[in-house]
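TrEMBL lists 392, 393, 394, 395, 396, 397, 398, 399 with the feature ATP binding site. Annotated coiled coil per TrEMBL: 4-96, 143-209, in sequence order. Marked as compositional bias 'Polar residues' by TrEMBL: 670-679. The domain 'Kinesin motor' annotation in TrEMBL covers 309-632. The region 'Disordered' annotation in TrEMBL covers 638-697.
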């Protein structure tokens with residue numbers, strides 16, 4: 001506005017000068033030659049034209065400033081309106097609060113003014129009639145009501161004061177935020193100007209660099225063009241020579257079809273002969289490759305046996321109707337047609353490969369799996385300790401592989417049948433005794449599946465002879481002499497095992513089952529005694545509570561199962577890294593498997609795999625765990641054999657067995673109410689081998 005006022009004053013001054021000049025021009029001028037006024041008049045005319053130009057420019061600037069002033073005036077008016085609205089609202093709010101405050105004060109004053117008469121009436125009406133007493137009680141009630149109103153008004157007044165104070169604080173905060181936003185806006189504006197300046201400099205620099213590059217490229221193009229012109233001059237004689245050669249070849253092409261047919265016949269014959277030679281060579285190479293692959297596996301198995309590595313085989317169960325339909329039920333597992341130890345898993349769209357000792361496809365039978373482990377089982381007769389355990393998620397088929405069905409038995413029953421056949425073959429020279437025990441670990445409690453009271457908890461103890469071996473006092477041991485005895489033992493133990501329904505498996509094993517087979521042999525000619533032990537373990541499946549839907553007891557069982565499997569993983573990690581301390585005692589499961597995982601046993605793990613897409617995370621974890629287990633070296637297994645002549649004390653790679661006094665059979669009352677009548681009848685058909693002895697594990 002100050003600039004506008006200055007321009008107006010300057011414009012008035014210029015208009016006054018212009019008017020004076022126009023008056024001078026309006027006067028009749030009498031030309032006088034050689035007069036100095038004529039020169040002054042010309043200067044004044046020039047000055048007049050200049051002033052007219054300046055006036056025009058000032059008018060343009062004035063119009064622009066007027067427009068800008070008008071815009072700012074409109075914005076100012078708008079801000080004033082908003083300010084007036086805010087002030088009006090604030091005034092109304094203050095008036096409302098003051099009115100309420102005034103009303104509250106008036107109410108308080110009126111109540112204070114009314115209180116003395118009430119007190120006076122209370123004092124004077126004590127000896128009046130019943131009517132007066134009734135009026136007195138009404139007045140007292142009214143007084144109480146008025147006092148409550150006074151308290152309520154005071155509370156409201158206090159709240160209003162707090163609201164007013166909070167509104168003042170909010171106003172101060174908003175003003176501080178507005179100031180902060182203005183400072184940030186100014187800083188951002190400065191940064192934007194700096195960035196624009198830097199961008200402008202970068203643009204100019206890039207233009208200069210591009211121009212320089214273009215000049216260099218243009219120079220190179222000119223040089224190439226000069227070279228091309230030179231080449232054209234030299235190529236003209238060569239072109240004439242090529243034309244003559246072309247004419248000669250054209251004459252020769254007329255007889256080319258006959259030559260081509262003859263050449264094609266000879267080439268076809270040579271190609272056919274080469275293909276036959278390549279096919280024969282490929283067949284020979286494939287045969288050699290397969291032979292070398294089998295030899296490599298044989299050498300690898302021998303190396304594993306010498307090192308004492310845990311052998312790991314994988315078995316993939318077929319896709320069943322319980323897996324459902326849709327994309328989650330698609331097959332995510334593939335196999336290598338040339339190598340039966342490779343398995344491929346498609347996890348989240350990425351293929352992952354694993355190498356184990358053997359991989360069985362869903363088409364593999366129970367007999368195929370047993371043939372892979374039967375050599376390991378027969379070594380039990382020679383006095384070696386053998387452990388076979390099944391690992392995998394819930395519903396992957398571990399119990400089917402280990403126990404099977406009555407029509408198609410698994411490893412457990414087939415192993416005992418194989419032991420019986422081997423014992424019968426050696427019956428002329430050796431006398432063998434086969435005993436069987438069965439136990440389960442349920443919620444970190446060890447229970448006897450063949451005992452009279454399966455719910456009774458057992459403990460794992462160290463042999464008192466100092467050998468360091470473990471045994472379970474009170475674990476029932478049955479001597480089996482035929483396949484019928486085996487079937488009765490399995491039926492009795494399977495009846496007592498804990499299974500429940502979950503979302504992942506209709507008959508989910510809720511405990512770790514352990515079948516202990518002890519083979520004791522005596523050579524009639526030399527008196528050599530051997531003791532072999534076969535541990536067949538069916539681990540409970542790892543599961544995710546969200547998938548299995550476990551609640552209550554099932555949830556507690558799942559927590560104990562996952563804890564024991566986690567402890568097994570810790571033991572494998574410690575063995576793999578050759579740590580000095582291996583945490584076997586962190587779980588009943590690892591404590592039971594200590595002898596099988598500490599170097600005195602031949603150990604094999606069967607990892608069960610689900611092939612469907614929805615279980616790829618669990619399948620990936622199981623296969624990774626199998627690879628870690630496969631790399632554990634336990635050392636070569638030792639044979640437990642001793643001569644029958646105690647005077648000579650000659651031992652062959654002897655390991656002291658747990659020679660503790662055999663305790664008498666535990667006294668039991670009648671079976672608990674949870675035991676059905678059928679297992680009791682089965683037990684009466686079985687004859688325990690002497691007394692209930694401590695069974696080493």
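The backbone N, Cα and C atoms fix where each Cβ goes, and this holds for glycine too.
Of all the binding-site residues listed here (392, 395, 397), the one with the fewest other CB atoms within 10 A of its own CB is 397. Other Cβ atoms within 10 Å of the Cβ of residue 399 (ATP binding site), summed over all protein chains shown, number 24. Counting every protein chain shown, the number of other Cβ atoms lying within 10 Å of the Cβ of residue 398 (ATP binding site) is 27.
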